[in-house]
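Engineer: Just lifted these from TrEMBL, have a look:
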{"type": "DOMAIN", "residues": "106-186", "note": "domain 'Beta-ketoacyl-[acyl-carrier-protein] synthase III N-terminal'"}
{"type": "ACT_SITE", "residues": "CYS112", "note": "active site"}
{"type": "DOMAIN", "residues": "242-331", "note": "domain 'Beta-ketoacyl-[acyl-carrier-protein] synthase III C-terminal'"}
{"type": "ACT_SITE", "residues": "HIS258", "note": "active site"}
{"type": "REGION", "residues": "259-263", "note": "region 'ACP-binding'"}
{"type": "ACT_SITE", "residues": "ASN288", "note": "active site"}
Amino acid sequence: MTVSAVIAGLGAWLPPGVVTNNDLCSRLDTSEEWIESRTGIVERRAVSGGMATLDLAVEAGGRALKAAGVSGVDAVVVATTSPDRICPAGAPEVASRLGLGPIAAYDLTSACSGFVYGLATCAGLISAGIAKSVLFIGSEAFSTFIDPANRTTAPIFGDGAGAVVLRCGSPEEPGAIGPFDLGSDGAQADLLAINGGGSRQRSATGLGHGEVPTEDWYLSMAGRAIYQQAIARMTESSLAVLDRAGWSVTEVDRFVGHQANIRILNSVAQRLGIAPERALINIDRVGNALSASIPLVLAGAAAGGELRPGDRVLITAFGAGLSWGSTVLVWPDISIDSPL
Ligand code: UT7
């Protein structure tokens, strides 16, 4: 019998600290009008005072477990590109803090496509019979990796976390995830990168730990090139997954693109032939929350009634790597715990 991973509960969480465009204008050579018109972002959240990615993950994960009505799962997977520490992975700590016992737990790193890659990985655990249920969390405190003095990157990224409980079920039931389309292009890895702190820098330069140049400490981003790649890859990948699912574009009720830039989302929707009102958007309040972006937008829309049981949902994401991925599902009738 074929089995699928089915969404059983969804929870999300945002740190309380709000950073408005006006706040950014007080320290950067920019304007509220530029940021909102070029990105669609009005405010974003940021951690402070020692709060970090795993704190957000525990909040979102606990809410997803409660929404699913379960107190245990077989595995925890955390997608993040802003880990608390390079070593160890954060998922074991999340499992421990949520009282889930000595279960399988690991992280995966796929930047803004982390939620789609993670869904695929967790679906694999379930369909291979390795786990019957998985808590999967996308969590980011990426603001800590952004140069506060860089006017191109500082407005874009926001912190947050979103989590789903996945259970073993039938491919025919609402909430069953898949098929997937996944892809990458490592030849363009340098377009979006944090160069400091890893083994390449440690082995090549002989720099001491106090000598990492500022530009290597923070994200570097070729914004225009990433913008163009994001539109092309999310469009191609969406078409590929729709073809695999046997869905036509007109059958898509809700388009859920990674929330990187409202202009990117509008372009992808337009190229796909999806009306703007079918797109789910939270970038104005959340910014680009990397692997947390998609569960946050799903949670907000489901809690607010924009996303309803039975809706056919197309999900697509693109990010550093370069990497991209898409999947589809029919939205299930589940409990949601959303901060928006
Ligand atoms: O998920 C993957 C993560 N990253 C992304 O998805 C980012 C994708 N890229 C983007 O969203 C856009 O490229 C940005 C929002 C980063 C930039 O928007 P843009 O329309 O591509 O602007 P641009 O880079 O072509 O720059 C246009 C102008 C430049 O000035 P000049 O050279 O024309 O005089 C920039 O220096 O805008 C300037 N600029 C700004 N001006 C005011 C760049 N950032 C700012 C700013 N405020 N914050």
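Just so you know, glycine gets a Cβ as well, placed from its N, Cα and C.
Caution: TrEMBL annotation is automatic and unverified by curators.
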Engineer: Using all protein chains in view, find how many other C-beta atoms are within 10 Å of the C-beta of CYS112 (active site).
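Structural biologist: The answer is 33 other Cβ atoms.
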Engineer: How far is it from HIS258 (active site) to ASN288 (active site), counting Cα to Cα, in Å?
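Structural biologist: Each residue's Cα considered, HIS258 (active site) and ASN288 (active site) end up 8 Å apart.
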Engineer: Which bits of the chain, at least 6 residues beyond where the region 'ACP-binding' (259-263) starts or stops, bring a Cβ under 8 A of a Cβ in it?
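Structural biologist: Same-chain residues near the region 'ACP-binding' (259-263) but 6 or more away: 38-41, 112, 156, 227, 230, 281-284, 286-289, 293-294, 296-297, 318-319.
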Engineer: What are the non-local neighbours of ASN288 (active site), defined as same-chain residues 6+ apart in sequence with CB under 8 A from its CB?
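Structural biologist: Counting only residues 6 or more apart in sequence, the Cβ neighbours of ASN288 (active site) under 8 Å are ILE41, CYS112, ILE156, PHE157, GLY158, HIS258, GLN259, ALA260, ASN261.
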Engineer: What count of other C-beta atoms do you get within 10 angstroms of the C-beta of HIS258 (active site), across all chains shown?
Structural biologist: 31
Engineer: Considering every residue in the region 'ACP-binding' (259-263), what is the mean pLDDT value?
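Structural biologist: PLDDT averaged over the stretch: 97.
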Engineer: Need the DSSP three-state call for CYS112 (active site) to compare against my parser.
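Structural biologist: Looking at the DSSP assignment, CYS112 (active site) belongs to a helix.
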Engineer: Quick check on the domain 'Beta-ketoacyl-[acyl-carrier-protein] synthase III N-terminal' (106-186): DSSP residue counts for helix, strand, coil, in that order please.
Structural biologist: 22 helix, 28 strand, 31 coil
Engineer: Quick one: what's DSSP say for HIS258 (active site), helix, strand or coil?
Structural biologist: coil
